[in-house]
Amino acid sequence: MRLFYAVFLPEEVRAALVEAQTKVRPFRGWKPVPPHQLHLTLLFLGERPEEELPDYLALGHRLARLEAPFRARLRGTGYFPNEGTPRVWFAKAEAEGFLRLAEGLRAGVEELLGEEAVRIPGWDKPFKPHITLARRKAPAPRVPPVLFGLEWPVEGFALVRSELKPKGPVYTVLEKFSLRGEHGREQAQGPGERPEGD
């Protein structure tokens, strides 16, 4: 099964991204990502045996207990690669929380898989939080940058299965993980104290 961890977006952010996609719709070479599939990938796992699924679910729950909700910012658009012929048009996202989640997931997967983790496609690439807006399928021009300046609360992430179909990938959310930040609360309360409401 083809798996990845991702953050999905609230309606107001998704609406702004869909509006930005109108910039590339006149050009048939660009294929916009369907609105319901817009997301920020935290870690791509590639094709994994189904028997490993419980480990990835447990990792998500463990990290969600440690990390607190945070606010993220949507900046402007960019291209991968930045020079030469672009393949991907994306929106840049910013938040230390994205980096913490990505690093925590990566460390957990390394612990689970050991040296095998380096065989995951893209494992050696640095994490750059972004939301893919469109992919270039044929010759098409670059479009002027779009600036957003939006903020939104990130309260969780998900483990997602991706099935590749002739018309494009189909995503299925296998599990959602709500950020609870228990580790940070325990540190603030001191030893022996229990969080309120637990």
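A Cβ is built for glycine as well, from the same backbone N, Cα and C atoms used for every other residue.
Sequence annotations record features per position, and here Swiss-Prot assigns active site, proton donor to H39. Among the features that Swiss-Prot reports, motif 'HXTX 1' is placed at 39-42. Annotated active site, proton acceptor per Swiss-Prot: H130, in sequence order, evidence recorded as sequence analysis. As annotated by Swiss-Prot, motif 'HXTX 2' applies to 130-133, with the evidence given as sequence analysis.
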By a three-class reduction of DSSP, H39 (active site, proton donor) is assigned strand
As a whole number of Å, the Cα atom of H39 (active site, proton donor) is distant from the Cα atom of H130 (active site, proton acceptor) by 8
Same chain, |i - j| six or more, Cβ under 8 Å of H130 (active site, proton acceptor); the result in sequence order is L40, G78, F90, A91, K92, A93
Per DSSP, the motif 'HXTX 2' (130-133) contains 0 helix, 4 strand, 0 coil
